[in-house]
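Below is one structure, written out as structure tokens; comments come after it.
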Amino acid sequence: MATLLRSKLSNVATSVSNKSQAKMSGMFARMGFQAATDEEAVGFAHCDDLDMEHRQGLQMDILKSDGGEEGGETPLEGDIHYQRDGTGPLPPSASKEAGVCSELSGQGKPKITAWEAGWNVTNAIQGMFVLGLPYAILHGGYLGLFLIIFAAVVCCYTGKILIACLYEENEDGEIVRVRDSYVDIANACCAPRFPTLGGRIVNVAQIIELVMTCILYVVVSGNLMYNSFPNLPVSQKSWSIIATAVLLPCAFLKNLKAVSKFSLLCTLAHFVINILVIAYCLSRARDWAWDKVKFYIDVKKFPISIGIIVFSYTSQIFLPSLEGNMQNPKEFHCMMNWTHIAACILKGLFALVAYLTWADETKEVITDNLPSTIRAVVNIFLVAKALLSYPLPFFAAVEVLERSLFQDGNRAFFPNCYGGDGRLKSWGLTLRCALVVFTLLMAIYVPHFALLMGLTGSLTGAGLCFLLPSLFHLKLLWRKLLWHHVFFDVAIFVIGGICSVSGFIHSLEGLIEAFRTNAED
């Protein structure tokens, strides 16, 4: 009896200790100091430095995986959330943290405010790919400016209806959250006939977008370095190879803890660079070429501009996780409104002011138009930002591929790439290195920032931001929709489909032509 009593007292003491640690972790998380939990898990990392939603997603994913072990529902095939969901090896520290989190009763996962959520969205839609928007105005004139506004309105609306698809009315007439991710929504739309088809489609789109983002980072690094030091006997392809050599250690990444420390600084530095570019343009306001901005479009190149603009607004893929992490989800709509209004104003002003300054001489990456005295400094900062941003989409793409192809239990296409001790096998590391080399080869043979950006925006950007949200909204909630919602969804689907097909065809033609030219050289 004495032994049993001592055992119970010990368990109680351990439980109290764990709860106090969890409460302290939650307190620090709310204060902005994120604990390093589950270093192997990754929330969505898209295009630009989404470090905050990455860190917030770590604890959310731990709690979800714990819930599944305690008898929760098993996620559908394809619902990978960019983490291993407990099927892959976790480090001991992660397991301990997960145990601590599971001790919380009534506390829930750490939440973020509407301002923090807005910062995440702002990072996604106002990243360094904004540098290609003046080039879109070059081929679209005032219609390009209108498209920047139109894309902001549509992406804001589709973001809201995508979140609406996460909720359903229960038997008591209450609106409850029944889904957690974009993949969940896609699977629900294809059920019961093809319960995993939608998730696979969304995952393929995610992989394409993430890999193309990595390629764009290599392209922009080579482009910026070549134009910063034109007198050096180093070609753009050689600069891309040098950049890839620096990025090759990404294949050995086990977590993004070290990289995430620099993400916020990189994002702030990018905002400073944007302000410097606008300040330089304003200093030349007397020479602005207003007569060059016209109501015309370049029929051949404007569809590429559509893809560029759409790609700069992509954020839908991580919105479900972001909304689920908010302290007050009712503030989500307001947050989406002010973030997209701010993005629309800033992007429109940046694109217009930059185009007015350089007019027909506007280049694919606008910083290449800056005077040589300041171009090198600005471009070096941008290259550093691109190189530090590369690991985020790369690691997320690796997680998706490993989870889908190598770690999906009996449904996996290939053997597990991790050994029994949790270490990555040598052939798995070789595949990671091959992915890095693939991004280099694409950057070498198609070193055209605008074409690649337009192709990605037309293919996956339009699909994930325009087509799928409107289609899912109609499929899941059509009985409760008002007529104007149905009209908007159908209109967005039709217009988005036309723009997507047109932009994809023209971008693909340009890429094929560029590929042939580079092959001949």
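Using N, Cα and C of the backbone, Cβ positions are placed for all residues, glycine too.
The feature domain 'Amino acid transporter transmembrane' is assigned by TrEMBL to 111-507. The region 'Disordered' annotation in TrEMBL covers 65-94. Summarising the annotation, TrEMBL assigns transmembrane segment to 143-167, 207-226, 262-282, 302-322, 334-356, 376-401, 429-446, 452-474, 486-505.
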Contact between the transmembrane segment (143-167) and the transmembrane segment (429-446) (at least 3 Cβ pairs under 8 Å, separation 6+): no
Chain residues in Cβ proximity to the transmembrane segment (207-226) (below 8 Å; excluding those fewer than six residues from its ends, i.e. six or more beyond): 45-47, 128-129, 131, 234-237, 239-240, 242-244, 247, 314, 317, 364-365, 367-368, 379-380, 382-383, 386-387, 389-390, 393-394, 396-397, 400-401, 435, 438-440, 442-443, 446-449, 452-453, 455-456, 459-461, 464
The transmembrane segment (452-474) vs the transmembrane segment (262-282): 3 or more CB pairs under 8 Å: no
Chain residues in Cβ proximity to the transmembrane segment (262-282) (below 8 Å; excluding those fewer than six residues from its ends, i.e. six or more beyond): 48-52, 123, 126-128, 130, 346, 349-350, 353-354, 356-357, 366-367, 370, 374, 378, 381-382, 384-385, 388-389, 392
